[in-house]
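These come from TrEMBL:
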- 15-37: transmembrane segment (TRANSMEM)
- 86-106: transmembrane segment (TRANSMEM)
- 118-141: transmembrane segment (TRANSMEM)
- 161-180: transmembrane segment (TRANSMEM)
- 186-206: transmembrane segment (TRANSMEM)
- 254-277: transmembrane segment (TRANSMEM)
- 289-307: transmembrane segment (TRANSMEM)
- 319-339: transmembrane segment (TRANSMEM)
- 345-370: transmembrane segment (TRANSMEM)
- 439-459: transmembrane segment (TRANSMEM)
Amino acid sequence: MMARQWINCGINHAAFAYAMTTLGSSMINNIFSFYYVKLFLNKYNISESAFHQSQVVYMVWNAVNDPLFGYLQDNSRVPCCSQRRLSILYGAPLYSLSFLIAWFPWSTYSSGDWLSGLHLTVALCAFDALLTFVLLAQCALFAEISSHHHNRLRLIKYNQLASLIGSSSVLFCGMVSTNMENFKAFQAFTVLIAIISCICMMYTGIYSKSRFDSKVYELVDQECADKGASKTVCSLSMLKSLTWQILTNRDFQLFVVMNFFQVFILAFFNNFTMIFMEHLIPVDALPSLAKSFMYGAGFILPQLLVLSSQSLLQSLGYYKIILFTFVLEGGMAVLMFILGPQRYYFLAFFLTINMVIIQAAFSLFGLPLADIIDTDLQKYKRSSPLSSMVFGTNALFTKPAQSLAPMIVLNIMNQFGYEKLKDVGQESNQRALESLHSVMFYLVCLIPMCVAILQVLAWRPFSIRNSHTVDSKYIDT
């Protein structure tokens, strides 16, 4: 009995330490993803071409850095890379600093200023590089702290509680800065959040640990000794071999396709919900303060939804729950399309609840990836899991969706005059404005509808469906 209590205490502290990175990262990630598009389009007046160029550079860098950092963290001999907690400890300060790059203009930008394009490119690439380095290590910890399903559910529980608190940063940021209208207050708030987030993540770096921290990674050294090859040549050969083994996993392929569309739709709502609400819902129908609460709810309620679904996750498993969310998203999009754009309150509810469901489902994706890592560990009889490589290879194919979503949507809206009509308060051609609003409404309905159908088709053949009924797939050491 005493031993059981001691083990539970250890797991609880491990879960708490793990969740502190989620607390810190969610504070800055949600603010960044929610505000950066509107900031550069409406305040910094970036041109469409510069915006697209920045997104293309970001898309390439975003995809490439994940598998590179993943291989580095799984195979490096340098402690700050190979040990998960040290990666978080040393990466956290730089990660928080990179968050601040976007919010402080490098000069007074004129419309279409090339410097605003460079600013966006640097802000996106720097933020994503440090985000990847820190959160890949945390993702690896999820798979490596324990292999027991109920322990992983406990990690998710603590994780969602932390994310719930961290996501409130969007709500408070909106209230403090009046949805970014008071830009000085907005900047001051981002500095405060960066400091708090850094402290939270460094707590993980000090107190968390992986079951494999004490294991010596000898795989590459042994193969090089057997082949008589140099470490550089052998490391490249090993990288190619390990990546191929991951890519040929059928369940991994299905998950990546499904996850690509989830990242796409999540970026779509994160980047454009504020813009859609400002244009499609009149101020007299829904005042600014109410919209601030709606934006905050879109980031806070997903965590409450996941926390309230713990018993369902234990009994039904993640496979059925994720599949149900896709059906629900598609069904709601069809209903919204039938009701039409004049149902303002339902439209506001639809935009908010979609953000909630999509983010809540996305919060569960660590479970199938952890099961894929466990399966890979058993299949190839590895001495330690390729946790960072699996998460990084997944990101190689899914991260580009973060850039594709704003590029595609902005291009469509600009075809209907968004660049000239983006300031809602200005006098403008009423007919052109109505045309733009119609296009926005079609985007709000049709994109979630199509994405939901594609996700159902990709997810249904996924074969790892019963991990919630298996106590442990290998022994924790």
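Cβ atoms here come from the backbone N, Cα and C positions, even for glycine.
It is 289-307 that, among the stretches 86-106, 289-307, 345-370, 439-459, forms the most Cβ pairs under 8 Å with the transmembrane segment (161-180). With a threshold of 8 Å between CB atoms, the same-chain residues lying at least 6 positions outside the transmembrane segment (289-307) that come near it are 30, 34, 156-157, 160-161, 163-164, 167-168, 170-172, 174-175, 179, 269, 273-274, 277-278, 281, 348, 351-352, 355-357, 359-360, 363-364. Between the transmembrane segment (118-141) and the stretches 15-37, 186-206, 254-277, 319-339, it is 15-37 that has the most C-beta pairs under 8 angstroms. Counting only same-chain residues 6+ beyond the ends of the transmembrane segment (186-206), those with a CB under 8 A from a CB of the stretch are 17-18, 20-21, 23-25, 27-28, 31, 35, 85-93, 95-97, 99-100, 103-104, 134, 138, 166, 169, 172-173, 176-177, 180. Counting only same-chain residues 6+ beyond the ends of the transmembrane segment (86-106), those with a CB under 8 A from a CB of the stretch are 21, 24-25, 28, 31-32, 36, 39-40, 44, 73, 79-80, 115-116, 119-120, 122-123, 126-127, 129-131, 133-134, 136-138, 186-187, 190-191, 193-195, 197-198, 201-202, 204-206, 208.
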